[in-house]
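Asker: When I checked TrEMBL for this same protein, it listed these features:
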ACT_SITE  E79  active site, proton donor
BINDING   H77, C103, C106  Zn(2+) binding site
DOMAIN    8-145  domain 'CMP/dCMP-type deaminase'
Amino acid sequence: MKREDYLSWDEYFMGIALLAAKRSKDPGTQVGACIVSPDNKILTMGYNGMPTGCHDDNMPWEREGDPLETKYLYVCHAEFNAILNNGGRSLKGATLYATLFPCNECAKAIIQSGIQKVIYMEDKYADTDAVIASKRMFDMVGITYEAYEVKHKKIVIEL
Ligand SMILES: Nc1nc(=O)n([C@H]2C[C@H](O)[C@@H](COP(=O)(O)O)O2)cc1CO
Ligand SMILES: [Zn+2]
């Protein structure tokens, strides 16, 4: 008889997004993204980090103060990195698993790349203009978004 406690597709892909987030050097929020084809093949992944060649140790990670000395002007969002890491594969009709709801800038890239569905875990910036604008654009173009439904509270990976 087959195992019954195997991971669902959603758990598998969100689990991978959560694992990718663990690569983030951001002391504030670690975000992960995993983009999957309509036939459940992983196309690309990403996490929030500084642009390639901008060394993590030489970049600011502050949230406040002189804007030029905060992370916000420099950091690449997880969703943006995942889209850019596509390795030439088409993202048409794909689903994005994101550990945090995408901002308006990533929403634009999501739309332009042909992603059709967003499954997100957290939406802690729902009250910000960035996320409100993002949802406005998704609604306009018919990109669906749904909160990830947690079933297994814990996925243990022992090394
Ligand atoms: N959807 C997102 N994807 C992301 O990768 N990020 C990144 C940008 C920053 O590195 C971090 C947010 O930092 P903080 O403001 O919570 O300390 O997460 C942020 C958002 C929020 O819209
Ligand atoms: Zn973003």
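Quick reminder: no glycine exception, Cβ is built from N, Cα and C everywhere.
Caution: TrEMBL annotation is automatic and unverified by curators.
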Asker: Given the Zn(2+) site residues H77, C103, C106, which other residues of that chain have a Cβ within 8 Å of the mean position of their Cβ atoms, reported in sequence order?
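Answerer: So the extra residues in range turn out to be A78, E79, F80, P102, N104, E105, A107, A109, A130, S134.
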Asker: Quick one: Cα separation, C106 (Zn(2+) binding site) versus E79 (active site, proton donor), in Å?
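Answerer: Between the alpha carbons of C106 (Zn(2+) binding site) and E79 (active site, proton donor) there are 6 Å.
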Asker: For H77 (Zn(2+) binding site), which DSSP three-state class applies?
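Answerer: Going by the DSSP assignment, H77 (Zn(2+) binding site) belongs to neither helix nor strand, so it counts as coil.
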Asker: DSSP three-state call for C103 (Zn(2+) binding site): helix, strand or coil?
Answerer: coil
Asker: Could you give the Cα-Cα distance between the residue listed as 'active site, proton donor' and C103 (Zn(2+) binding site), in whole Å?
Answerer: 9
Asker: Grab the pLDDT values for the domain 'CMP/dCMP-type deaminase' (8-145) and give me their mean, rounded.
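Answerer: Its mean pLDDT is 98.
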